[in-house]
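A.B. asks: Annotations per TrEMBL:
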COMPBIAS  70-83  compositional bias 'Acidic residues'
REGION    21-49  region 'Disordered'
REGION    67-90  region 'Disordered'
REPEAT    98-140  repeat 'WD'
REPEAT    141-182  repeat 'WD'
REPEAT    397-431  repeat 'WD'
Amino acid sequence: MVNNTAVTRSSVIGSLQLCGTGWRSKSKMPGKDTPPSSPLYQMEDEDDDELVEVNEDELEQILDLHGEQTDEEEDEDAFDDEPVLGPVPERDDATAVFSQHTKSLFCCHIEPSQGKLAVTGGQDDKAYVWEIDTGKVLLECLGHEDSVTSVEFSQDGNFVATADMAGQVQVWRTSTMQKVWDYAMGDMTWMRWHHGTNVLMAGAASSEVYMWKIPSGDCKVFGGGGEKSDCGVFLPDGKRACVGYSDGSLKLLDLKAGAFSKAMPSGEIGTVSDIAAHIDNNLIIAGVNGKAIVASTNQGKVISTLNTQVPGGTEEQNVECVAFSPDNGLPLAAYGTLEGYLFIYDLAHQSLRHTVRQDGAITKLLWDQERPSVYTAGTDGIVRHFDVRSGLLVQEWLGHRADILDLCQSRTGRHLITASDDKTSRIFKLD
């Protein structure tokens, strides 16, 4: 997810070493050794600067001796500002509220095998593993020195991974709550577990995509072309992945070969905000430069740009999040915009089925795994449930006083978990 808060990623710390296309054996905790810079990114020698004379006033201005803030310092100050809280909602629908974090929460996930544990990460450089029913903290994930922006349990629930913006990735065994592996990869942009095995993948601001076997740490690195890796997704077949880059392109990865198999230019130049794969292993939907596009992995190209036209309006829409229906009998896609519109698109008839407006930007979109329903989270602090057949609002869950920045459903389908700018995570029970 790419949210619309004041979160900014730190500058690229350094270039990364390409590990090649084969698995490279690493110790369980290789993060102590920083990889050397890649020759792909070494800077060319610059010409010698011409010597010029400056007077004292000019020198003070150049050296900023009067202590004026730079743009970067002002951005950092803005990042550290406390979030503005809205009024207390008329009710709190949460069955549990986790308030251990001291700053904004950016990410959350529910343990998939039993659905009893949650993990959250935030701007306080911490992640916590806690019990959904009681809120009891089982693990405080120490070792991060930047905002924790990605957290997720492995598909079998045996491990939980936490990663921060600076690229410190850590994996903990849930049975013992002990760290079993870590790695320092440079500025990280996204992280995901494989849905069928304990393989972890993460993208870097410097373009590379890392893939590790856990807990051994054996590594493959997919070298990029220099553009930031914005987001990625494993395809349902488990053999491929698709990655979106900041130049608007999508690339298919052959996981076994450790190489890119296809490049799919989107025709758009800009950030890939979100990406999802269809159950048929062919279609990919992505938010690219504010638009929703559908690509075919078989054809290796973009086949459609989806309609975001609002009836009677001229406002330009900016697609933030996307999802496919998990039911082959219901060939629909959903995408949400920063202007607060939810679109339900009929893939079979290539037409919009529903356009729904909600208050506040849509920051996250989930498709229910069992029901014809989607859930949205927004900057108004409300979680909503829509019926995709009718486009009608079914239910709202209140409780947050600021933007919701992440939303996840348990594999059991019983709970939703949120991460919010108001420093809390909430559990909402589904009817």
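Glycine too: its Cβ is placed from the backbone N, Cα and C atoms.
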A.B. asks: Could you give the residue numbers and ranges of same-chain residues that sit at least 6 residues beyond the repeat 'WD' (141-182) on either side and whose C-beta is under 8 angstroms from one of its C-beta atoms?
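C.D. replies: Same-chain residues near the repeat 'WD' (141-182) but 6 or more away: 7, 9-10, 13, 28-31, 106-114, 117, 119-129, 188, 190-198, 200, 202, 204, 212, 214-215, 217.
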A.B. asks: Summarise the model's confidence over the repeat 'WD' (397-431) as a mean pLDDT value.
C.D. replies: 96
A.B. asks: Give me the DSSP three-state residue breakdown of the repeat 'WD' (397-431), ordered helix, strand, coil.
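C.D. replies: Breakdown, helix to coil: 0 helix, 18 strand, 17 coil.
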